[in-house]
Each structure stands twice: as C-alpha cells, then as structure tokens.
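What Swiss-Prot records for HIS363 is active site, proton acceptor. Annotation comment: Swiss-Prot describes 9-12, LYS23, GLN73, 78-79, GLY140, GLU155, ASN170, ASN228, ARG333, LYS351, TYR366, ASN377 as UDP-N-acetyl-alpha-D-glucosamine binding site. Sequence annotations record features per position, and here Swiss-Prot assigns Mg(2+) binding site to ASP103, ASN228. Positions annotated as acetyl-CoA binding site by Swiss-Prot: ASN386, TYR387, ALA423, ARG440. Residues annotated as region 'Pyrophosphorylase' in Swiss-Prot: 1-230. Per Swiss-Prot, region 'Linker' is recorded for 231-251. The feature region 'N-acetyltransferase' is assigned by Swiss-Prot to 252-456.
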Amino acid sequence: MDKRFAVVLAAGQGTRMKSKLYKVLHPVCGKPMVEHVVDEALKLSLSKLVTIVGHGAEEVKKQLGDKSEYRVQAKQLGTAHAVKQAQPFLADEKGVTIVICGDTPLLTAETMEQMLKEHTQREAKRTILTAVAEDPTGYGRIIRSENGAVQKIVEHKDASEEERLVTEINTGTYCFDNEALFRAIDQVSNDNAQGEYYLPDVIEILKNEGETVAAYQTGNFQETLGVNDRVALSQAEQFMKERINKRHMQNGVTLIDPMNTYISPDAVIGSDTVIYPGTVIKGEVQIGEDTIIGPHTEIMNSAIGSRTVIKQSVVNHSKVGNDVNIGPFAHIRPDSVIGNEVKIGNFVEIKKTQFGDRSKASHLSYVGDAEVGTDVNLGCGSITVNYDGKNKYLTKIEDGAFIGCNSNLVAPVTVGEGAYVAAGSTVTEDVPGKALAIARARQVNKDDYVKNIHKK
C-alpha cells in the first residue's frame, strides 16, 4: 500500500461565526471541529498529518498537541496556497495525500477510506469527494462528460444556468498523488475575482497534462457539511448527536429520550445501561454495564462502574466503582475515587477523596481532601473542615468508623478504626480506634426558664 498523508486546512478566521473563538475550535458535541477531523483522519494509517494553521495558530496547536505537525499560513490566500505550506514536509514523499477542511466535523474515516480506494483503483492523480445536494446553492458543481468522467469544477457564482441545475457538488475534500499535487500546485494562478489560489484549479492543470481525475460520490450529504456560521454549527451538533446516540443504542444502550441526551464522541458505554433525559456526558467517559444514569445528570471525564445508579448529580474527573448509588443532587468533584457498594446521598459533596467500599454519606455532607476507609458511616451533616484560609489538610477516617450527625472533623485529624464520633461534635484531635469521641458542651436544662421570661 502506498504511503498515506493528510493535510488539514485550519487557518481561516471564520468571520461569519461572529465569535472571539476561532472557527475550527468551536465544539461539536463537546469536541472542537478540527479535532473531530484530525481524529478521523488518523484512523487512515497515515505516515504523516500536517495541519495548516493561521488565525488562532497557538490555540489550535495547544488543542491538537502531538496529533499533528503544523505549518503556518500567515496570509490566507486561498486553498491551494494553504496546501502549498505543507510542501516542505511532503513534496519529496511518494504516496497519496488527502486534503480535508478543518470545519467538516461530520466526515468519517470510512468515507475517506472509500475515496482512497477509488483513487487507487482508478490510478488517478486526483480524486474529488462529491455529494448530491437537495439545494446546491453556493457549492461548486461537478461537471462531467457524457461518459461520466470529471471535466471540471465550476464555482456557483461562475456557473451557467445549465450548470447550476447540476446537484452533484464539490465537498472540498480531495485525494492526490503526492508528486502530482506539488508539481501542479506551483502552476496555480490567482487570476480570479478574489485574487486567491484555488485548489480546484489543480484539476484542469492535471487534465491538461493528460492525467486521470476521478470522483467518489458519498451517499451521505450530511457528512460533508461545512460549518461557516452558527446555523450550520447547530446542524452539525444535531447530526453528530444523532450519530453518536444511534451507535450506542445499536450497541445495547437504552436511551429513554435520545433527543434530550448528550453524549461525547469519546464516551464508552456498556450494554444494558439505561440513560434518562437531560443527561450530559462530556469528554472521555467510561460507563460499565447495567448502570442507570439520570435524569438530569452530568458526567465529565470520569469512569463509572457497572450496576451503579447516578440520579440528578454531577461527577467530574473522578472514578466511581460498581454497585454504587449516587444522588439525587450529589456532587463528585475532581480527583475522587468512590469504591464499590457505596452510597452518596442527597446534597453530599465529595472532593479529592478516597471513599472506601460499602461506606455511606447519605445526607447533607461535605467530604473534601479525605481518606475514608471501608464500612464507614457519615451521618447527616458531617463535615471535613479541610481549609484554614491558606492550606488544605487531610482527614483520615479508618475502616468501620461511625461519624454522628452534625459533626465537624477539623483537619488534619484521624478517626481510628471502629471509632465513634458523637453527634454534634467538633473533633480537633485524633480519635483512637474503638474509642468514642464526644466534643461538645454538656447539656444544661434550666427549669422554669421560659415561664420566668414570660413573667417579665
């Protein structure tokens, strides 16, 4: 197989987005458009991927990291000029180069693979990805000869009345023989109304050289959607959401209301898991089998076990074990590890805490910067007092400890194995194992106090 290369065009500012955020960084289902494109391209067994950056170059590089190499297009002088920036990386390479726009987040690796196969089978020097549009207004038209061969691409504004009736459009994705691409690109002129160097002009150059130019027509126009404004962004979001949700349902996940369920493209969900409406799953999330999520739950960059239930709650950058019950209205904050068979109940906040197997915090508690052992019970209103205004301190609650209601554990402090803390205590010193800590004022009852008040 020939070596494969990819050039992703991501230099445009995207003025029609009317945004401070550069166009290709606008998210679709939680992931920037350009990252969707790059991630799909990387499935093609590439030898090298080059992203052409311009506006927002540093932000794009930061987002993509080492997934790509980069070339800067300092002035946006057209698509051919953009591809030419990759010349130092690719001009001396033998193989095929696929050129993709960074604002086409719905394009799949499967479609690009089919285009590459068509390119190879036809022994073409250039292959165009085309699609049939119900309304082709604004798109370049694919003009074919009587025998079906591609003759040229005509931009909408330059098309004749007859040519505008053509519904097969240029999607802006191409495959080239690498040597032919960089030989022809040096011949592209900017003699046009915009004064720019257009990549479609390479077709006529190659045809004039007697080279084969092919086209692969995808049956899915949605895939080729280019995002240039917020309307198209909304359409891409909807199409991507439908694709992601359909994949999970086909893999055995139940979505009670797919239209109101938002799942990251990077989420992995086990079979027989049920997701209720209003659930938002962001980033790299793993969810086991037979789990119930939602309604109205947000999970971000976390791992959730099997047979776990999370209702009306937030889990962020944390790990939750098997057979856990969370919520309603619980908040698992970053760097928390929740063990197996745990209960985290109403209005409980957990932050940066190891929470052991079979332990419980059922109501109205804050547990931060803590190590909670196994079989621990935190009564209603238990608080780890972890912050002195400057530093955070560790609270350790060892296996089998029982913390009574409305207790404050002032860190740094340790409650030993099997120890009890009496309700209403403020604990400032370590509690030995098996001991009972009582840290509250002794109750005093004053007889007839209220009666005497009312006499005054």
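Here the Cβ of each residue, glycine as well, is placed from N, Cα and C on the backbone.
Feature map: annotations from Swiss-Prot on the structure.
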residue : record                                        : Cβ neighbours (10 Å)
LEU9    : UDP-N-acetyl-alpha-D-glucosamine binding site : 26
ALA11   : UDP-N-acetyl-alpha-D-glucosamine binding site : 28
LYS23   : UDP-N-acetyl-alpha-D-glucosamine binding site : 25
GLY78   : UDP-N-acetyl-alpha-D-glucosamine binding site : 20
GLY140  : UDP-N-acetyl-alpha-D-glucosamine binding site : 23
ASN228  : Mg(2+) binding site                           : 16
ARG333  : UDP-N-acetyl-alpha-D-glucosamine binding site : 17
HIS363  : active site, proton acceptor                  : 15
ASN386  : acetyl-CoA binding site                       : 23
TYR387  : acetyl-CoA binding site                       : 12
Could you tell me the maximum Cα-Cα distance in Å between the residues recorded as binding acetyl-CoA, namely ASN386, TYR387, ALA423, ARG440, rounded to a whole number?
22
When a 10 Å sphere is centred on the Cβ of ASN170 (UDP-N-acetyl-alpha-D-glucosamine binding site), how many other Cβ atoms does it contain?
24
Taking DSSP states H, G and I as helix and E and B as strand, how many residues of the region 'Linker' (231-251) are helix, strand and coil?
20 helix, 0 strand, 1 coil
Got a sec? Which of these binding-site residues, ASP103, TYR366, ALA423, ARG440, has the most Cβ atoms within 10 Å?
ASP103
On average, what pLDDT score does this prediction assign to the region 'Linker' (231-251)?
98
Cα distance, ALA423 (acetyl-CoA binding site) to GLY140 (UDP-N-acetyl-alpha-D-glucosamine binding site), nearest Å?
75
Between the Cα atoms of GLY78 (UDP-N-acetyl-alpha-D-glucosamine binding site) and ASN228 (Mg(2+) binding site), find the distance and write it as a whole number of Å.
16
Between the Cα atoms of ASP103 (Mg(2+) binding site) and LYS23 (UDP-N-acetyl-alpha-D-glucosamine binding site), find the distance and write it as a whole number of Å.
7
ARG440 (acetyl-CoA binding site): which of the recorded positions ALA11, LYS23, ASN228, HIS363 is the nearest Cα neighbour?
HIS363
For GLY140 (UDP-N-acetyl-alpha-D-glucosamine binding site), just give me the three-state DSSP call.
coil
Listed recorded positions HIS363, ASN386, TYR387, ALA423, filtered to Cα within 10 Å of LYS23 (UDP-N-acetyl-alpha-D-glucosamine binding site):
none
